[in-house]
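Participant: So that we are looking at the same thing, I have put the structure below in structure tokens.
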Amino acid sequence: MSQAVGNVASIRRKLVIVGDGACGKTCLLIVFAKGKFPQVYVPTVFDNYVADVEVDGRRVELALWDTAGQEDYDRLRPLSYPDSNVVLICYSIDLPDSLENVMEKWISEVLHFCQGVPIILVGCKADLRNDPQVVEELRAQGLQPVSQAQAQEVADQIGAVDYIECSAKTGYGVREVFEAATRASLVGKQGKSKPKTKSSKKKKCVVL
């Protein structure tokens, strides 16, 4: 849950969250910004929230930009990227394909529109990693929930500044995600580390 700050925040930062549809992005934002877990899944088109966060003695007004992960919105989603200070790339721990798409789709899109902007990889739905039903359903497909080691390897490959797991349903790790994101947004753009991907061509934040 976001930490309320009495005075008006003197620092403003923009956070954009991306990832496959239904991977848990919107629930994560709602739990942090509003303190409640939505019981009904409604696919996001675009939505914005604002949360006041205090980290390391600094007050920050964090604008939270939610996006749609469905392919239908691939041409519209880039409108959210300009002026971003930090990007959360999310995947769902119970959906191995969603982690594969971090490498296959999301990192190249983020690098294309937001060169140098700090990236945090977020593993959503951590409560499902050991859920018996989820484990059994994945086993029937020859799969298993994503392990921390697998996700950390992807985080390293894409040049993420951090990897954090969370569960919007239980509240586990939610505050840590946004505190880490706020700190990363205050550091500013990076120019030293390059993600180990085929997409080496990057552009500044632009709008299609």
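Any Cβ shown, glycine's included, is placed from N, Cα and C.
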Participant: Looking at 14-22, 41-49, 59-67, 176-184, which one is motif 'Effector region' according to Swiss-Prot?
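Facilitator: Here Swiss-Prot associates motif 'Effector region' with the stretch 41-49.
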Participant: For the binding-site residues listed here (THR67, GLN70), tell me which residue's CB has the most neighbouring CB atoms inside 10 Å.
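Facilitator: In terms of Cβ crowding, the pick is THR67.
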Participant: Taking the Cβ of LYS25 (GTP binding site) as the centre, how many other Cβ atoms fall within a 10 Å radius?
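Facilitator: Counting Cβ neighbours of LYS25 (GTP binding site) within 10 Å gives 26.
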Participant: Per 10 Å Cβ neighbour count, which of the binding-site residues ALA22, ALA126 ranks highest?
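Facilitator: Ranked by Cβ atoms within 10 Å, first place goes to ALA126.
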Participant: Provide the three-state secondary structure of ALA126 (GTP binding site) computed with DSSP.
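Facilitator: DSSP assigns ALA126 (GTP binding site) to helix.
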